[in-house]
Amino acid sequence: PLVLMLTGVLVLAGLFSIIFFVSGVSHFQDPLFCEGRGTRSELSRSPAVFVVLSFTSVVDLIISLEEDGYISGFVEVYVREGEPHLRTAHGILICYWDGVIHYGLYLAMIAAIGRRKSYRNLGLFWLGSLMMSIVVFLLGNLIGKYSSDLSPAFLLNLPYVLIPIWAGLRLFQQPKALPSVSLTQVAEEQRKYLYQRPQDAGLVLLLLLTAAFTFFRGMVVLDCPADSCFEYIYQHEPYLRDPVAYPKVQMLIYMFYVLPFLCLCIYGLVLPGCSWLPDWSLVFAGAIAQAQFAHLGSSLHPRTPFPYQTPEDVWWSFLLTNVLYALGPQLLAYRCLRCPAFFLPATPASLQR
């Protein structure tokens, strides 16, 4: 395991060195994000961090394909000796997400840099997705049944804790794209009550149901003695009892972090001028999309032990509730981006500035 960790460190260091010598020192003044200055040839070069993350995304895709039996002989030794937790259903699903969705986002953001276009919204969605993925993965490894099998290769995941923090600070510092709406349109939109905005009223209702379901599943994993909780964990989502601990960590994060944010989102849809909501709705949408993909897929994946797989007779209700759970944050982010006038600062001076 120590040799595998050192090999991983050397590979990443070598990749950084290649980028450094090819691009030159000047391109590392802002290695993750270009600010729109400099020559066109400079802006068309891929940022170093995106290149490295794209490399690890391809590695994750290879791991997931090999664990599902589509290919063989590439990373078997590394997974078996270095990170055996990647052989779980949750590990395979997050590798699929990283190798497909995150990789696509990296390519889209690199392309936007080359075309001198803003990629702030894509970056915020990626930020939420990566944060949720790495937090659940690390905490599940530390407290789950694989906690005694952690090797030095586990330390290769630690940079993924620091990168989202650094990237998030830079993303929120980037200027927002100003919407093409007049002060009159903003004032008219913000004078409407909730019942005059049927789409927002429906979205509030969906978020209320999502919040109630979040609280219920949080109580389930906290071993609530109620009959409904006992019936749910054994007959509807037995995956919540899986000793790998990923589903339990996921539900607790939902309960203690997602649930308060759902309440804030409802507040932002009721009262005008919550200018923070469009940005954070994108982060929220990315986090829930990744989490629900991993949770739903792991519940049905054959790598999950049979007693913890979702029973076939409740598949449709399980799929419907979890898809609707993931859909609410996506609709919220779409609504904030499509019609932002309701969320702009209420005072004309703030809007003009």
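Using the three backbone atoms N, Cα and C, a Cβ is placed for every residue, glycine included.
Here is what TrEMBL records for this protein:
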DOMAIN    45-168  domain 'EXPERA'
DOMAIN    199-333  domain 'EXPERA'
TRANSMEM  6-28  transmembrane segment
TRANSMEM  48-65  transmembrane segment
TRANSMEM  89-112  transmembrane segment
TRANSMEM  124-144  transmembrane segment
TRANSMEM  150-169  transmembrane segment
TRANSMEM  201-222  transmembrane segment
TRANSMEM  251-270  transmembrane segment
Residue counts (helix, strand, coil, in that order) that DSSP gives for the domain 'EXPERA' (199-333): 110 helix, 0 strand, 25 coil
Highest-contact recorded stretch vs the transmembrane segment (89-112), from 48-65, 124-144, 201-222, CB pairs under 8 Å: 48-65
DSSP helix/strand/coil residue counts for the domain 'EXPERA' (45-168): 100 helix, 0 strand, 24 coil
Per-residue pLDDT averaged over the domain 'EXPERA' (45-168), given as an integer: 85
